[in-house]
Amino acid sequence: MKNSLKPNKRVVGTIAVLGVLALTVTGCTRTATDGGAGAGTGADETAAPSPGITDTTLSLGISSPLSGPTAGPGSCSVAGLDSYLEAQNAAGGFEFGDGKTREVTLTYLDDTYDPAKTVSNFKQLVGDGIFAYVGALGTPTNAAIMPIANSEEVPQVLLVTGATAFSEDQKANPWTFGLLPTYYDEANTFGKLLADAGKPITVAVLSQNDDFGKDYVAGLTDAIEGSDVTIVDSATYEPTDTTLDSQVTQLAASKADVLMSAVSVTPLQVGVLTKAQSIGWLPRIFLPSNTSTPGTILEPGGATAYPAVYSTSLTKVPASPTFAEDEDVKAYNAAFAEYGSKIAAVYTPHCAWSYAEGAILGEAFKGMEEPTRDSFMTALKSIKDFQAPLLLDGITVDTTRDDQPAISGLTLVQASGPGYAPAKAY
Amino acid sequence: MKNLLARPIVRLLLAVVIAVVIIVAPISSSSFINYQLSLIAVFAVALLGLNIVMGYTGQVSLGQSAFLGLGAYIAAYGVRQEWPVVVIFLLCCIIPAAVGLLVALAAARLRGLALAMVTIALPIIGVPLAKRFPDFTGGSVGSTVSWLEAPEGSGLADDQFRYYLVVAIAVVLFILGRNLVRGRIGRAFAIVKSNEAVALSMGISPYRYKVLAFTIASLFGGASGFLYIAVVQYTSPETLSFATSINLVAAMVIGGSASILGTVLGAIYFVMLPVVAGQIDSSRTALISGAALLLVLFLLPGGLVSLPRRIAQLVRGGRGGSPRSRAAADRPPTGDTAPRTTAAPEAEKQPR
């Protein structure tokens, strides 16, 4: 009561205090620590170190979907990489081109495949001082941060996506490029197998109704141009569809010899395999690498009913008995059991891809002569004929091309027994 | 505590403090924090629209993300065509509002579950539609824009400039929204919500007011899409995905339905929870978010906005007895029932 007798004095006093406070805070303008430090100072003989690197450590960051519908592949894109890095750290650390040995740490954040969260995570990682952003999964999520990464000159490299947009113009976006062969390459490799057969073959095409689907169709069409192979019917689907039975029935009416089933949704791909055989259509089938895992696609889909099931592959499948005695696979399995299994519960090919990606990073570190992002990018962009662990024979890493991802070779494989084996000619 | 807050001087002081914090915050904060603060403003506007149709008018809408996405696409397209910012902003409000009006003309005849189903359709149709018109939307890869750089000589970094712009627009929209729900139309909304027959008997057409509420919600959704592009500078079909809609509804309930302050709290929850969960354990964000949601709903059925009252209640009750006996003792008309009675109808407002 007493206080309320002199309200004005109090109000004025408080506002004055606040005003002074505000001015004080305004005075301390923030220092420009955000990114941007990658550019060297020109004439200096040794450039100042970039953020995220010391004489003994280097920190990497990644934002992938770790929850939600894409959590499986997203978690694997982190787990494989983390397994390689941690195993190498435990073995003494990474050798760098400047003669020092560093421990490489990975900070990973969940973006649930939401681009706005990816931007947020990227800003957080850069603010926390990561050296480079590596191996993130997802097309929209990576597209959202590509302009920021390039304007702040933070490496955004070896992205786990098959979209062409990240690698096709590395002159315009010098800080960004992808890891994996594109969807176009996958279908193109398969188309060549058909064209090389040198006989009339009819093909039915089922693809997703968007630019990814178009990439697949374009890859196939370009490969069979001028050969005896013809596309006799095609159908599209939406990822939100609950069943593709009508599309399969329609395509079955064409009685095509081959079905290219470029379906990227696991349950739908299984549905295609079960439906086609249930109506007596048994073509040879091509599956994209995303949806070709034996345990989740081939077995439930009853793939053994078909004369041949093809897919493309980059890596040895760790669970496959064919590679059980392979040194790379043994190392991978040990590392994954110790480090990766905490992050990803189920195997998808992304685990193996991102494990190989760790080795590519290690190769880049070896060539890095200065502790700067510039030097890292130069080293990373000069890797050629590098045989990364888990990659199949004949698939090597070549980062020197300005319009291609790091890996662009592909091996065509054919389902046999519980896994895949190299494909025979058609 | 309550008396203290009721005094005009205290309220004025509080407003001044908040205003100073809002104005000063971005100057010393990092670009990451400014981005979070800007995102809170973006989603607060979307939540305000949702609150007008769900909290104040009592109609289910699970389609708010579609309007947010539509606004974002219009803004991205406008930026690519180099339209003036004011024109883009107006189009981002008008077109989603018109779409919302069209949908509502048909949908507002329904109620409850049927209405919810119709509104679910919007984001579900929206995602494939957005992928189908790559010239307008950029397809699955989405479209990136680069605009609203801080003007030369302002001394602001881009993120600070965008923060001020977004927050200024959000504040204006919030004042408009507050006046709307406190005025004649807001009173009509409240009657439509509590009993349509009574509304009719008073000469208020429930149908017309439901359509109005939907249209206004779509307008706010579209406006938040504009703000989204201003902050994120990117949009893709993921922006209008159904999951965003559901999360917005959850955030609205958690903030406090039919409350302006609750809307802001809901937006803070919506933006900050994933960040906080990520700090705790990145591979368990969904689990942590779910636990937090349950916790809030159990402890604060009226939403975060009821937190001060709840604390006051606990403090006053804290003088004697165990928590359990205290809660039981508070039930009789000791004055502590007040928060309960205000919280209960808010819970009932949620459609079952």
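For all residues, glycine too, the Cβ spot is worked out from N, Cα and C.
Summarising the annotation, TrEMBL assigns transmembrane segment to B:12-29 (among others).
Residues or ranges marked as transmembrane segment by TrEMBL: B:35-53 (among others).
With a cut-off of 8 Å between Cβ atoms, the residues of this chain six or more beyond the transmembrane segment (B:60-79) that come close are 46, 49-50, 53-54, 87-89, 91-93, 95-96, 99-100, 103, 112-113, 115-116, 119-123, 125-126, 130, 136-138, 143, 145, 147, 214, 217-218, 221-226, 228-230, 235, 237, 239-242, 244-246, 248-249, 351. What TrEMBL lists as transmembrane segment is B:60-79 (among others).
Tertiary proximity for the transmembrane segment (B:85-105) is limited to same-chain residues at least six positions away from its ends with a CB under 8 Å from its CB atoms, namely 63, 67, 70-71, 74-75, 78-79, 118-119, 122, 147-148, 169, 210-211, 214-219, 221-223, 225-226. Look at TrEMBL and you will find B:85-105 (among others) tagged as transmembrane segment.
The transmembrane segment annotation in TrEMBL covers B:112-130 (among others).
Same-chain residues lying 6+ beyond the ends of the transmembrane segment (B:161-181) with a Cβ under 8 Å from its Cβ atoms: 22, 26, 34, 37-38, 41-42, 44-45, 48, 52, 56, 89, 148-151, 154, 189, 216, 220, 223, 226-227, 230-231, 258, 260, 263-264. Positions annotated as transmembrane segment by TrEMBL: B:161-181 (among others).
According to TrEMBL, the transmembrane segment annotation covers B:211-234 (among others). With a cut-off of 8 Å between Cβ atoms, the residues of this chain six or more beyond the transmembrane segment (B:211-234) that come close are 35, 38-39, 41-43, 45-46, 48-50, 52-53, 56-57, 59, 61, 64-76, 79, 88-89, 92-97, 99-101, 103-105, 107-108, 142-148, 162, 165-166, 169-170, 173, 177, 180, 185, 189.
According to TrEMBL, the transmembrane segment annotation covers B:246-273 (among others).
If you look up TrEMBL, you'll see B:285-307 (among others) marked as transmembrane segment.
Sequence annotations record features per position, and here TrEMBL assigns region 'Disordered' to B:316-352.
The feature compositional bias 'Low complexity' is assigned by TrEMBL to B:322-345.
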Comparing B:35-53, B:112-130, B:285-307 for Cβ pairs under 8 Å with the transmembrane segment (B:246-273), the winner is B:35-53
For the transmembrane segment (B:35-53), distant same-chain residues with Cβ under 8 A (at least six beyond the ends): 25-26, 29, 59, 61, 64, 67-68, 159, 162-163, 166-167, 169-170, 173-174, 177, 180-181, 189, 213-214, 216-221, 223-224, 227-228, 230-232, 248-249, 251-252, 255, 257-260, 262-264, 266-268, 270-272, 275
With the cut-off at Cβ under 8 Å and a gap of six or more residues from its ends, the chain residues touching the transmembrane segment (B:112-130) are 59-63, 65-67, 69-70, 73, 103, 106, 137, 236-237, 240-242, 244-245, 351
